[in-house]
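A quick write-up on the structure given underneath.
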Amino acid sequence: MGLLSDPNRRKALTNLLTRLNTPICMVCYLAAIVWFMGLAFEPFTLRTYMSENAMGSTMVEERFSAGERALSTAKEFDAHKRKAGGMPVEWLVKSMQARGLEVFTQSFSRKLPFPDENKERYMVHGTNVYGILRAPRAPRTEALVITAPCSPGNSNNQAVGLLLALAQYFRNQVYWAKDIIFLVNEHDLIGMQAWLEGYHHTNITGMDYSPLQGRAGSIQAALSLELSSDVITSLDLILEGLNGQLPNLDLANLFYAFCQKLGVLCTIQGKLQRNDWDSAEGYTHAAQTMMLMVLKQACGRSWGDHGLFLRYHIEAASIRGINSFRHYKMDATTIGRLLEGMVRKLNNLLERLHQSYFFYLLPSLSRFVSIGYYMPAFGLLAVILLLRYPFHSWALDLWVHLGTPALEAVDGVGEAEQPSSPGVLTVLTPVVISHLTGVALYLLPVHLQEMAVEHFPVSETEAVVLTAIAIYTAGLALPHNTQRLLSGEGTEQGWKVLKLTALLYLAVLLGCTALINFSLGFILAVTLVPITASITPNMPKALSALAMVLLSPAFTILYCVFIYQELVEVPVGFSEGWMLFLSVISQGILDHALYGSLVYPLLALFIYPCWLMFWNILFWN
């Protein structure tokens, strides 16, 4: 406290930070990257463990043996699906009723803001079918959910068959303390969103659906099945949900524990775990797995039906069967026993899963990185924004100059003229116009699609994406030197005040983003912090402008597309990568409209306008 209260010591500290500012910032940036990449090294991670006492042991005897019946039911389901040209509602209702469940249906419809060309749909009409197995030994106040989406073609037929086989097996057991809901939803996430909104009596996305006629207790956990082959070589666990949410780590630990017990090959991000962590190949494998999780979490979309449950504080995960032509094979009976064991352990819960971590990264299923380990990497990047200019001597003295009027002449001797203070409009104008550009980027692409289709030979989806790109590009010129419109030539202190404001604004934005979705906040910080911290009007315009564009939010998305394709070992050329980039933009806008994803509004309304403020600083003079 004495250091801060003593003016001389405070000035000495300020001078030290000013003199060593650039080296300190460079060290912080490099340390952040090294720290983050070091998280994939096994000695720096923690071994997973079960925190919930009710699930601490896998000592249950799994007796499910109806694997062949599940596959025959899957073939029957496939035949009826082909005959009906979609979801065989009547057959599913009869099948669930024959297994002793209380069966209900829910119809829903949704008009998309623009056609989804990836799945070729615009007006979506569908029906969800679900059956409830009532708990015989409890007051029916809690429930578990097992869901299998009805996918087009031959996809996921085996999951529906296994779900019905499990329903029949569970019906004959007497130890259930929770209701179990068996749900088959149509149109993947749209159907799941309709069912969840109907179950919880909410409507946050404008979905049209019929009210649910049957309900169970409060849902404690959910499992989503994705099986599209009779032969499965490994099971992949999918955790990333909407807006980067993750389920409680104990749910992943439970899956891994039963895989170990039953000898099932299990993967995370489609990658098997390696034991040679002390080799370069082992570290690279763990780093790739962790980076895949970071990229998936950063995009903010739900990577499975489970992702929508997390919004309602329901711990959920998707289990996807993979047929990768390995020598190891597993049958439907083994998968059924794994699910039986997991559901029985979840049935023992006395309260919601809460004792383990909700914020983590997984380089493998047996190791995890907690929030206390990865947040310092982001903190080192945030320090750069707080150190780069707010602690310069001019920044500390700026507020004094802004409020001190120029001294009048005394006895004919004039005092030295103080630097002119920037007017409010000089700084406020670029801030307002930058954010108005962000509002246009958020609203206009969808609202102008009809006009674009009438005047240009493009589809609705192409019109939305191209309009967004056009507004993004036009924004580079719109707020350019806007302060001159009202106050003439920009003042020296004007751009300094604007940069001080923009740096603090960016630090707050990235900090809040990292608290909700660390991966998104960290990726944005890695690309935005270097250029925004160093930009001034005195830098070479052409080279600095090129650097700012290459490190802008749009190019960050483009880089992530190429990196993701490399990590999943499906590299693409520039033309294919560009088409994927356009698809990512359209999917981000759709996810926001359909499910409430926050990534697109965050980038359009906050990150992009903040970047435009720094762009305006570059061309201040």
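Placed from the backbone N, Cα and C atoms, the Cβ positions cover glycine too.
Unlike curated entries, TrEMBL annotations are predicted automatically.
Record note: among 160-178, 464-482, 464-482 is the stretch given as transmembrane segment by TrEMBL.
Two recorded stretches are said to be in contact when at least 3 C-beta pairs lie under 8 angstroms, sequence spacing 6 or more; the transmembrane segment (602-620) and the transmembrane segment (424-444) meet this definition. Sequence-remote contacts of a segment are chain residues at least 6 beyond its ends whose Cβ falls under 8 Å from one of its Cβ atoms, and for the transmembrane segment (502-531) they are 29, 32-33, 36, 243-244, 293-295, 297-298, 300, 359, 361, 371, 374-375, 377-378, 381-382, 384-386, 388-390, 547-548, 551, 553, 555-556, 559-560, 599, 602, 606-607, 610-611, 613-614, 617.
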